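Found this in TrEMBL, in case it helps:
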type     : residues                                                    : note
ACT_SITE : Cys274                                                      : active site, nucleophile
BINDING  : 8-13, Asp33, Arg38, 86-90, 127-128, Glu163, 274-277, Arg344 : NAD(+) binding site
DOMAIN   : 330-454                                                     : domain 'UDP-glucose/GDP-mannose dehydrogenase C-terminal'
Amino acid sequence: MVKICCIGAGYVGGPTMAVIALKCPDVEVVVVDISAPRIEGWNSERLPIYEPGLDDVVRQCRGRNLFFSTDVERHVADAGIVFVSVNTPTKTRGLGAGKAADLTYWESAARIIADVSRSDKIVVEKSTVPVKTAEAIEKILAHNSKGGNIRYQILSNPEFLAEGTAIQDLFSPDRVLIGGRETPEGRAAVAALKSIYARWVPDDRIITTNLWSAELSKLAANAFLAQRISSVNAISALCEATGADVTEVANSIGKDSRIGPRFLSASVGFGGSCFQKDILNLVYICECYGLPEVANYWRQVIRINDYQKSRFVNRVVSSMFNTVAGKKVAVLGFAFKKDTGDTRETPAIDVCKGLVGDKAVVSIYDPQVTEEQVQRDLVMNKFDWDHPRHLQPMSPSSAKHVAVSWDAYEAARGAHAVCILTEWDEFRRLDYQRMYDAMHKPAFLFDGRNVVDPDKLRRIGFVVYSIGKPLDHWLRDMPAVA
């Protein structure tokens with residue numbers, strides 16, 4: 001039996017290994033992590049992450065050929081293929097702080113592999129890493145191996161799944177990318193990993209490249225996707241200034257087959273674990289290779305995203321008589337997108353911090369995010385979310401101006417305004433008349449995801465702001481938002 005071990009039981013490692021186990025019943029798959037609570041979660045009826053369809057996949061395989069364990073060394077030693085899916089956070093201090101990827105956890109994983117291996121291994125980069133990381137890993141393995149003449153082949157196999165549709169993406173991926181050394185040994189390792197995916201992925205969707213192309217492709221893909229979001233968000237600001245409708249503009253340009261319609265929905269901004277981190281990493285790499293113009297180009301994608309979030313907060317404050325001090329603001333949605341409980345880099349963090357900074361009283365409702373997670377996110381330093389939980393700060397003072405409600409109506413009861421920050425489907429079906437009746441007047445609704453019909457809500461009585469839409473007459477009379 002082929003044995004696969006994955007180091008790291010997070011948003012990528014867990015679902016990916018579960019699908020491999022499902023599709024390859026003759027392959028033993030073990031996901032290992034040093035976090036006992038996380039592994040306990042994977043072995044329980046309530047998985048540590050929310051992803052549609054994941055529960056069913058894990059339930060079918062767990063205990064048969066899919067296992068979750070904290071015994072990292074034993075399972076790494078037994079495996080022929082070792083995936084490494086650990087966090088690569090942005091550095092917060094030292095050389096490259098605020099841009100470069102921190103490879104501390106990757107290096108630790110490599111040293112464990114070297115220490116316990118007694119047979120040849122294929123080591124697969126599943127984490128998003130800087131170009132040339134494989135070269136560094138090769139050196140660590142070569143100089144620290146305890147098992148004699150053990151040979152390692154490093155492959156890059158970045159994951160392109162999207163949270164919220166991860167299981168669907170894994171079942172039917174646009175492509176599977178495998179990069180390896182262009183040597184007989186490297187090609188053999190690529191073929192071995194390809195044979196795993198070939199159980200369910202068509203051959204024409206499995207792309208093989210050299211190591212460096214695969215490593216760079218993941219960074220470039222996320223940069224291109226984020227660029228599209230920042231592009232349409234930049235146009236949304238111009239639409240508001242001119243009376244154009246960003247939805248109509250996006251629909252028009254998306255009909256162009258050279259552009260296409262995806263990732264052209266204007267919003268309060270992008271979030272998630274990858275986009276900002278990977279672009280900052282790309283910026284740092286460009287600077288290191290003496291390409292400042294290229295670095296500045298990609299840095300602007302982040303700047304537009306930050307501008308969109310601050311512009312949203314400014315619109316809320318300026319619309320409400322230039323102050324939200326002491327006013328209750330209901331926030332609907334805290335996850336960075338619908339159908340996930342992931343809050344990493346969610347725009348809601350910056351929006352809530354901006355409102356609390358202006359002394360608003362914020363009441364948050366999200367169907368998949370716990371109160372503990374909300375409070376943790378609001379006191380966390382930038383980039384700390386990508387470190388193990390026991391290294392993340394927690395302050396009891398965080399609860400002072402923020403409450404978490406059990407449903408949307410409770411969050412909005414007695415509020416002066418509602419802000420929609422995640423595009424959960426349930427927010428489209430809410431009884432907004434009921435919500436309006438329980439709010440202070442004038443009642444404001446700021447739609448950061450364009451999920452509601454602004455004209456319908458205006459007929460109810462709301463003062464409505466929708467990203468990139470023609471402004472409510474009330475808002476046109478307010479001072480311009482910088």
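Yeah, the Cβs are placed from backbone N, Cα and C, and that goes for glycine too.
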Using DSSP, how many residues in the domain 'UDP-glucose/GDP-mannose dehydrogenase C-terminal' (330-454) fall into helix, strand and coil?
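The domain 'UDP-glucose/GDP-mannose dehydrogenase C-terminal' (330-454) comes out at 46 helix, 19 strand, 60 coil.
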About how far apart, in whole Å, are the alpha carbons (Cα) of Asn87 (NAD(+) binding site) and Cys274 (active site, nucleophile)?
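Cα-Cα, rounded: 11 Å.
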Around the Cβ of Cys274 (active site, nucleophile), how many other Cβ atoms lie within 10 Å? Please give the count over every shown protein chain.
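If we count other Cβ atoms within 10 Å of Cys274 (active site, nucleophile), we arrive at 25.
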Just how many other Cβ atoms lie inside 10 Å of the Cβ on Thr90 (NAD(+) binding site)?
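21, counting other Cβ atoms within 10 Å of Thr90 (NAD(+) binding site).
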Taking just the CA atoms, what is the gap between Tyr11 (NAD(+) binding site) and Cys274 (active site, nucleophile) in Å?
11
Which chain-mates of Asp33 (NAD(+) binding site) that are at least 6 residues away have a CB under 8 A from its CB, listed by sequence?
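Counting only residues 6 or more apart in sequence, the Cβ neighbours of Asp33 (NAD(+) binding site) under 8 Å are Ile7, Gly8, Ala9, Gly10, Ile39, Phe68, Thr70, Val72.
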Can you tell me the CA-to-CA distance separating the residue listed as 'active site, nucleophile' and Thr90 (NAD(+) binding site), as a whole number of Å?
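About 11 Å separates the two Cα atoms.
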